[in-house]
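Worksheet for the structure shown next.
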Amino acid sequence: MGERIEHINTGPDLVGVNVDRPPLLSQQSTVWTRRQQAVCVRHAYKHYGGKKKPNRVLTDLNMTVAKGTIYGLLGASGCGKTTLLSCIVGRRRLNEGEIWVLGGKPGTKGSGVPGKRVGYMPQELGGKPGTKGSGVPGKRVGYMPQEIALYGEFSIKETMMYFGWIFGMATSEINERLKFLLNFLDLPGENRLVKNLSGGQQRRVSFAVALMHDPELLILDEPTVGVDPLLRQSIWNHLVQITKDGNKTVIITTHYIEEARQAHTIGLMRSGRLLAEESPQVLLSMYGCQSLEEVFLKLSRKQGQLKKPVDNTENNISTAHLNWDRKNDSIYVTEESGVVGLNFHQSKEVLINDGSNGHLDIRALPPSPSTKATPPCEDCGDCSNFTSWGKIRALLQKNFLRMWRNVGVMLFIFALPVMQVILFCLAIGRDPVGLKLAIVNHEATYYNMTYQPCPFEYNCTMANFSCRYLNHLKNDTIIKQYYADPKDALDAVKSGDAWGALYFTENFTDALVARIALGRGSDDETLDQSEIRVWLDMSNQQIGIILQRDIQLSYQDFAKSMLESCSQNPAIADVPINFKKPIYGSSQPSFTDFVAPGVILTIVFFLAVALTSSALIVERTEGLLDRSWVAGVTPGEILFSHVVTQFVVMCGQTALVLIFMMLVFGVQCKGDIGWVILITILQGLCGMCFGFVISAVCELERNAIQLALGSFYPTLLLSGVIWPIEGMPTVLRYVALFLPLTMATTSLRSMLTRGWSIIEPDVYYGFVSTIVWIVLFLTISIIVLKVKRG
Ligand SMILES: Nc1ncnc2c1ncn2[C@@H]1O[C@H](COP(=O)(O)OP(=O)(O)OP(=O)(O)O)[C@@H](O)[C@H]1O
């Protein structure tokens, strides 16, 4: 059944839309009328959780808040008030239904300001009523969430500056407003830190933030909790005052039901529905109650008695449904609210005869100040899709100030990489020293003594070769422990007292001389007796290999020295493989040289992950992110500000890491230091962006920490930092290649040890892969943040 609009006399000045009203079509009238409300919610459904087990919070809820009024939203804890408000401010989206806020839909682009800049196009001419932006989130709305949602490290003044700049206010304007709010809300000195204020004072600062920019729509979630009765009254007086001229609208939730008497309209909410939407006086007189609490109880009982209403037009328990005995009277309703009753204070009241044939009978649309044209939005960040300097300045200052105020943490942040580099350079890659070797030398004269001088001469004398050889064993690496019996020496190794056992036969020198002299004519016994027998504990690969190396190199040294003493060419002792000077690296490469590039990047990458992985979570759990979003800050702006702040910190960390690695510990850099610095910084950026992904995905800080720590080892192990990826199974090698650190490590290693320039594929692949990862991580973060915000 269509609605008949009998009288519409709003005129162009009423809404600031300088166009003729469209033809009287019910749909247009509906949309048009919704736009004239401060807030209009229709058939709203909202649930949390999955579709299988949804937690239904809003169920076919309708709500109408006229401009220039105070709307008190009352209801038991958990009935969905905060959820509804968060949908109104654009923080959450409904699963079904529509919300109109200040003439547009929250979360849509554009200022939504009714004025010359907003044209009205009838739908039949192609206009899309649902596409006009509301400017919400943005500066048109002031939102005070239930949580304190303030930065504890900020003073009151800094808090105001931050939000003021976000709202695009000038500093002088903010100062002026601050003075008024300090006085009005009886706040302590402007330089007091928020964290040092009492709970009630913090709530008042939070309230002040919502009032700061004098918004058109104030949404206050329990602003009077913890506020003394006098101040509560003064807050209410202020709300009444600001709504008086009809330009401002207030939606307020409170658990002090009686204080809501001062509201123009009260919405009584229960189990995700509005039980009634009336002026307090009407509610009291309708139910013959003394207090609003009694009314609420009565209505709640009635709702319990009614079977589940299903029809959209009957979804709310209206006074009509409650067998109100004035059912046949002409009563005011807010258009299509589904709530029937007297609603004296709403500016867009329409008079409807309940017994009519369903036609909408608009008799009175008195020109109300509330419908006065709002000044066009000239400078608000929401007018364009782009950011504003004020917001960026506020966000950057906020981030730096937070860091500065946590100076201990900052010092730690800079000391940590230095500590890691120092520990790495001192603890990794050095040759082990003091390795015990159990020696049994049956050739030496006093072999049955556990310690004995082992005499030999540095000439061509063919005697006591064993002693001469032992003299070549590095004394700093190896501690020689002499045993009389080979069994004892082996027992020492078995019991862990020595890393290996060395045995020289009784006639070692003679056998060795014979072996050299006879060459291929040597018999088995000669060969056997001329051997130095070695049993090593190879359970520790590094120590085992070092002992093997030293034992062999010592023999080479011994042989050369013998040949030299006997006026022979010492080169005869060399293995006939001549390792020339390496093309890259040193002929005795250290493990440190191999690991250092990967370690530099790992330190920078994971420090950046640690810095950012909880940045957004902390803000989100404290309700600060919500507040910034409602103020019109976009996920992109938030990410940008964090990227800039963390980038500065990361540059400092990178500088420290490189200085300590290269200047203090002498890690070689044969390539261009500029490119080395660049890839290190890019890796830091990459880690930062990975941190943002973690921060955006995880709800809880502890999950973020788990994810960051959990990703550390797989990345470290697979990126070729501590072992070449060439040693991995083929499939794993391909996986490794796609990790953010792998190619970058190869690139840095090539620059540091080979001195390669950017034109080499091994080098520029590292840069390309890092940049791709940065873009990928940033995109994922923004998408996740947007989805979550939605
Ligand atoms: N993010 C969320 N995820 C899942 N459930 C939620 C979430 N936020 C709220 N809820 C649930 O939705 C219901 C309504 O919560 P809401 O915070 O809107 O109630 P409220 O009326 O504001 O309560 P109060 O007066 O205590 O603040 C509650 O059952 C709550 O547990």
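Each Cβ is built from the backbone N, Cα and C atoms, and glycine gets one as well.
According to TrEMBL, the feature domain 'ABC transporter' maps to 39-296. Residues or ranges marked as transmembrane segment in TrEMBL: 407-429, 594-618, 639-667, 673-697, 704-725, 731-752, 764-785. Taken from TrEMBL, the feature domain 'ABC transmembrane type-2' covers 561-788.
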Range from 407-429, 639-667, 764-785 with most C-beta pairs under 8 A to the transmembrane segment (673-697):
764-785
The domain 'ABC transporter' (39-296) [mean pLDDT, rounded to integer]:
83
Tell me if the transmembrane segment (407-429) touches the transmembrane segment (731-752). I count contact as 3 or more CB pairs below 8 A, with pairs 6 or more residues apart.
no
Which range wins on Cβ pairs under 8 Å with the transmembrane segment (407-429): 594-618, 639-667, 764-785?
639-667
Which sequence-distant residues neighbour the transmembrane segment (639-667)? Criterion: at least 6 residues beyond either end, Cβ under 8 Å.
387, 392, 395-396, 398-400, 403, 410, 413-414, 416-418, 420-422, 425, 592-593, 596, 600, 603-604, 607-608, 611-612, 615-616, 676-677, 680-681, 684-685, 688-689, 692, 752, 778, 781-782, 785
